[in-house]
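This report concerns only the one structure given below.
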Amino acid sequence: MAASTMALSSSSLAGQAMKLAPSTPELGVGRVSMRKTAPKTVSSGSPWYGPDRVKYLGPFSGEAPSYLTGEFHGLSADPETFAKNRELEVIHSRWAMLGALGCVFPELLARNGVKFGEAVWFKAGSQIFSEGGLDYLGNPSLIHAQSILAIWATQVILMGAVEGYRIAGGPLGEVTDPIYPGGSFDPLGLADDPEALAELKVKELKNGRLAMFSMFGFFVQAIVTGKGPLENLADHLADPVNNNAWAYATKLCPGK
C-alpha cells in the first residue's frame with residue numbers, strides 16, 4: 001500500500017520542480033516575513049540644525065543693509081571728497097610700494113654678498129649725520145652727501161616739480177586725470193586698452209593697500225626690534241616661539 005502510494009506520487013510529480021521549502025518560513029501557526037525598511041529621518045527639534053535652521057537672528061535677513069557698502073562712514077558721501085580721498089590713497093599707495101621695495105631690496109642684496117654700505121633701511125639715512133657723511137650705494141664717487149638740508153631741498157624741488165607737472169595736467173594743461181595722466185607718465189602704453197587699464201587700476205590699489213600695511217609693519221619692527229624686515233623674518237623662521245609679535249609684546253608690558 002505504501003509502496004503503491006509512493007509510486008503514484010512519484011509518477012504525478014514527474015517533470016515538475018519540487019518545492020522543498022515554503023516561500024515564507026512558518027513557526028507554529030504564524031508567519032515570519034523579512035522586510036527592508038528605510039531609516040526614518042528623526043528631527044532633532046532644535047532650531048539651530050537642519051535645512052530649516054535659523055540663519056539670522058532678530059529682524060536681520062540674508063541681505064546686507066543698504067548703508068553697508070564697504071566704505072568708511074561718510075568718507076564717500078560727497079563725490080568731490082571721495083575723489084580727493086581716492087587720489088590721496090593712490091598716491092600714498094605708490095609711495096608705499098616704492099618704499100617697501102626700498103626697505104627689502106638692499107637688505108636682500110646685502111645678505112647675498114653685495115657690498116654697498118648700510119643695508120638696513122632706517123639705518124642707511126642716519127649715516128649722513130656721521131663724520132664721513134653718506135655715500136649713495138656705498139660709492140663715494142657717486143653721490144657723497146654731507147648735509148641733510150641739501151638733501152631735503154633737492155627732494156622738495158624734484159618731487160615738487162613732478163607733482164606740479166602732474167596736477168597741472170602737463171605744460172599745456174591737457175591732462176584731465178591727475179591720478180592717471182598718461183602721456184609721459186605711461187611710457188609703456190598700459191593705458192591704451194580701457195579694459196586692461198580698469199583691471200590694472202584695481203590691482204594697483206590692492207597692492208598699494210598691502211604695501212601701506214607692510215610699511216606700517218616695517219616701522220613697528222624697527223622701533224621694537226631695531227632690525228630690518230629680512231633679519232626679523234630670518235630670526236622668526238629660526239626660532240618662531242621666541243621671535244614673534246606676541247613675545248615682543250609681552251616684553252614691552254610694564255614690570256617686565
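Cβ atoms here come from the backbone N, Cα and C positions, even for glycine.
Taken straight from Swiss-Prot:
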- 1-34: transit peptide (TRANSIT)
- ARG35: N2-acetylarginine (MOD_RES)
- 90-110: transmembrane segment (TRANSMEM)
- GLN127, LEU137, GLU204: chlorophyll a 3 binding site (BINDING)
- 142-162: transmembrane segment (TRANSMEM)
- SER147, GLU163: chlorophyll b 3 binding site (BINDING)
- ASN207: chlorophyll a 4 binding site (BINDING)
- 210-230: transmembrane segment (TRANSMEM)
- HIS236, ALA245: chlorophyll a 6 binding site (BINDING)
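Distribution of Swiss-Prot features across the structure.
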{"residue": "GLN127", "record": "chlorophyll a 3 binding site", "contacts (Cβ under 8 Å, 6+ apart)": "GLY117, GLU118, GLY133, LEU134, ASP135"}
{"residue": "SER147", "record": "chlorophyll b 3 binding site", "contacts (Cβ under 8 Å, 6+ apart)": "ILE128"}
{"residue": "GLU163", "record": "chlorophyll b 3 binding site", "contacts (Cβ under 8 Å, 6+ apart)": "none"}
{"residue": "GLU204", "record": "chlorophyll a 3 binding site", "contacts (Cβ under 8 Å, 6+ apart)": "VAL90, SER93, ARG94"}
{"residue": "ASN207", "record": "chlorophyll a 4 binding site", "contacts (Cβ under 8 Å, 6+ apart)": "SER93, MET97"}
{"residue": "HIS236", "record": "chlorophyll a 6 binding site", "contacts (Cβ under 8 Å, 6+ apart)": "ASN243, ASN244"}
{"residue": "ALA245", "record": "chlorophyll a 6 binding site", "contacts (Cβ under 8 Å, 6+ apart)": "none"}
According to DSSP, collapsed to three classes, what secondary structure does SER147 (chlorophyll b 3 binding site) have? coil
